There are 2 protein chains.
Amino acid sequence: MNIVKVNTKSSCYNINISSGRLKHINESIPIDTTSIAIITNNTISSMYIDIIKSSLKSIHKPIIEICLPEGEEYKNLHTLNIIFDNLLKNNFDRKSLLIAFGGGVIGDITGFAASVYMRGIRFIQIPTTLLAQIDSSVGGKTAVNHILGKNMIGSFYQPISVEIDIDVLNTLPKREISAGLAEMIKYGLIIDKNFWEWCENHIKNLINLDQNHLIYAIKRSCELKSFVVSKDEKENNLRAILNFGHTFGHAIESVLGYGKWLHGEAVACGMIQAAELSSNILNLKRSDVERIRSMIKNINCPILAPKIDIEKWLHAMKVDKKNTNGEINFVLLPEIGSSIIKSVSNKDIINTILITSTI
Amino acid sequence: MNIVKVNTKSSCYNINISSGRLKHINESIPIDTTSIAIITNNTISSMYIDIIKSSLKSIHKPIIEICLPEGEEYKNLHTLNIIFDNLLKNNFDRKSLLIAFGGGVIGDITGFAASVYMRGIRFIQIPTTLLAQIDSSVGGKTAVNHILGKNMIGSFYQPISVEIDIDVLNTLPKREISAGLAEMIKYGLIIDKNFWEWCENHIKNLINLDQNHLIYAIKRSCELKSFVVSKDEKENNLRAILNFGHTFGHAIESVLGYGKWLHGEAVACGMIQAAELSSNILNLKRSDVERIRSMIKNINCPILAPKIDIEKWLHAMKVDKKNTNGEINFVLLPEIGSSIIKSVSNKDIINTILITSTI
């Protein structure tokens, strides 16, 4: 099995990566666990819950399953309360364990529920989308959305382990594989030129879900993310570079309505926009901007932003958590493999939007 | 000024105690604060907000006031969302500051809001009830209630300072002074026999709000609470002794409906019940049980529990966060000034309820 060790100020834990990991989930349950809630959705549950339940049989603990409605639009305080209702009705206590079994939405909301139920209980991440496996399940950011902004309510709270079974990717829609690959190449762009070039050379193998290539790329992505998180768990400085492409991306998601574009698709397009902005104000080479655009095209993600009023773009970007003092901050690339954070004038933002959007 | 230093694993900060502290609140605002929200209720606001606003004028920051509905029954996710709405509408960012200006309800909900807004922003406690000054504002427990249990949703999150102005106690209803004194004598009972005896000897001065006695007793209470919290911030063991009287007390509050009895009144009665239980199974001296009963009477708190069905008592006590494995745990006194945690049989619990309740 491939293991990535995550060390943050608040805790340390393993990311276990393998084919067939679901069957061995019982190995990761702490012995003093009093009860377990598997938090999931109908799609995942119908395909895989039996494998997990069968593995958990051996440890003889009470288990409940909580199926949440699917989609980013349900990642809110109301759905959170559904979890609390179920936990309290079933007398879940401080030694109970939550298992987040699903994509980023399930992981974010389950992590947040675990962080505040009785002021914090343990949880395990079993991410079932590529995006969740390489990004949202790693690093301990939990959140729900508010009608006025994405991920505005949440916490920094680490799982006791992350369990990645690459077999589940075989049933994932192609569109979601593409969205996950977008976040994967992001790591290369912001911090590891070698990994970016490896991705350029092996993108076909990744799209075709070749097992060895997948495991290498997922492991490297988790290593890069946990390196950044271990340096700066609470996003006081370095961690913010992980938001490359996200300022534009979040604005697209929030204006179109969550769920219309996948998060990874919005970030993919946002990375092209951030690359254009980098070219404009940091002199990122034009050839590199085109390499990025061509990679996004190869992974079948959108290369043009949707048509949105400039006022709406700016308003949506203004509520980004990276901002302070009303200035809009962006993660930008001086070159591929290196990134900085910089506040940008409205004029430069507007120019970039005009050249990167559908007319 | 009197200062108590609080050191926990996650942070350290001061509790500043004086007469007239409100006028100097500007001294405690961090220089990089971008905006301030004072979270309060109409009663407190109408009496004291001008003093705070006038002090804050000198630091030239945008200030908003958020008035919440009054009472424990509004300490829930819905009211929390009112806070988020206001913060987001006013573009509050990660360098914004919340000020909890009120009693325990305001402090608990503001602290929780601060801990999860954008995954955590800074906040200051200005407790305006005696109970909040000596108990809920100290130690970083934040929470809201769930319909199935009190304080079930929350976090451990420390303020950057606690500002106690004893002058505000002059306008506090007598009943609330009594409720605060109940938690004050609790500290003596569980951990400091000398302080218990000092309280016995000076209870009249405290009831009459004598300034010097008040400052001494508030400071000593804060010292005792922060000593316990510094040893065990997240209530893995020692901190649970602070719940002396609370297992019965919470049940009373939850069955009667929050707000009917004040929290301190329910705890006062619960302490008599826990003392009787201690006498029954730990041989706490009968004379000590009577000293406790007589003290509760002297501070004008209830000495008899309300008439409640046994089933309802047990059910309400079963959802207490101290419990694990379905057993009900109690904080009990082997003698005055010392405490232990012990699971108790239903039979012993029922016996105690029968001899301590209104027939």
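Cβ atoms here come from the backbone N, Cα and C positions, even for glycine.
What TrEMBL records for this protein:
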- A:70-75, A:104-108, A:128-129, A:K141, A:K150: NAD(+) binding site (BINDING)
- A:E183, A:H246, A:H263: Zn(2+) binding site (BINDING)
- A:66-178: domain '3-dehydroquinate synthase N-terminal' (DOMAIN)
- A:180-323: domain '3-dehydroquinate synthase C-terminal' (DOMAIN)
- A:97-118: transmembrane segment (TRANSMEM)
Cβ-centroid neighbourhood (8 Å) of the Zn(2+) site, A:E183, A:H246, A:H263 excluded: A:L131, A:D135, A:A182, A:K186, A:G245, A:G249, A:G264, A:A266, A:V267, A:G270
Cβ neighbour count (within 10 Å, all chains shown) around A:E70 (NAD(+) binding site): 17
Cα separation, A:E183 (Zn(2+) binding site) to A:D108 (NAD(+) binding site) (Å, whole number): 16
Alpha-carbon spacing, A:E70 (NAD(+) binding site) to A:H263 (Zn(2+) binding site), which is rounded to whole Å: 14
Candidate nearest A:E72 (NAD(+) binding site) in space, where candidates are the binding-site residues A:E183, A:H246, A:H263 and distance is Cα-Cα: A:H263
Close in space, distant in sequence - A:T129 (NAD(+) binding site), Cβ under 8 Å, 6 or more apart: A:G102, A:G103, A:G104, A:L169, A:L172, A:E176, A:A179, A:G180
Whole-number mean of pLDDT values that fall within the domain '3-dehydroquinate synthase N-terminal' (A:66-178): 95
Cβ-Cβ neighbours of A:D108 (NAD(+) binding site) (radius 10 Å): 23
Residue pair A:I106 (NAD(+) binding site), A:E183 (Zn(2+) binding site) - Cα distance, angstrom, rounded: 18
Pairwise Cα distance for A:E183 (Zn(2+) binding site)/A:Y74 (NAD(+) binding site) [Å, integer]: 22
Residue with minimal Cβ packing [other Cβ atoms within 10 Å] among the binding-site residues A:E72, A:E183: A:E72
Local backbone state of A:K150 (NAD(+) binding site), from DSSP in three classes: strand
Surrounding CB atoms that lie within 10 Å of the CB of A:H263 (Zn(2+) binding site), all protein chains: 28
Protein Cβ atoms within 10 Å of A:H246 (Zn(2+) binding site), excluding its own: 24
Inter-residue C-alpha distance, A:H263 (Zn(2+) binding site) and A:Y74 (NAD(+) binding site) (nearest angstrom): 14
DSSP-derived class (H/G/I helix, E/B strand, else coil) of A:E183 (Zn(2+) binding site): helix
Alpha-carbon distance [A:K150 (NAD(+) binding site); A:H246 (Zn(2+) binding site)] in Å: 11
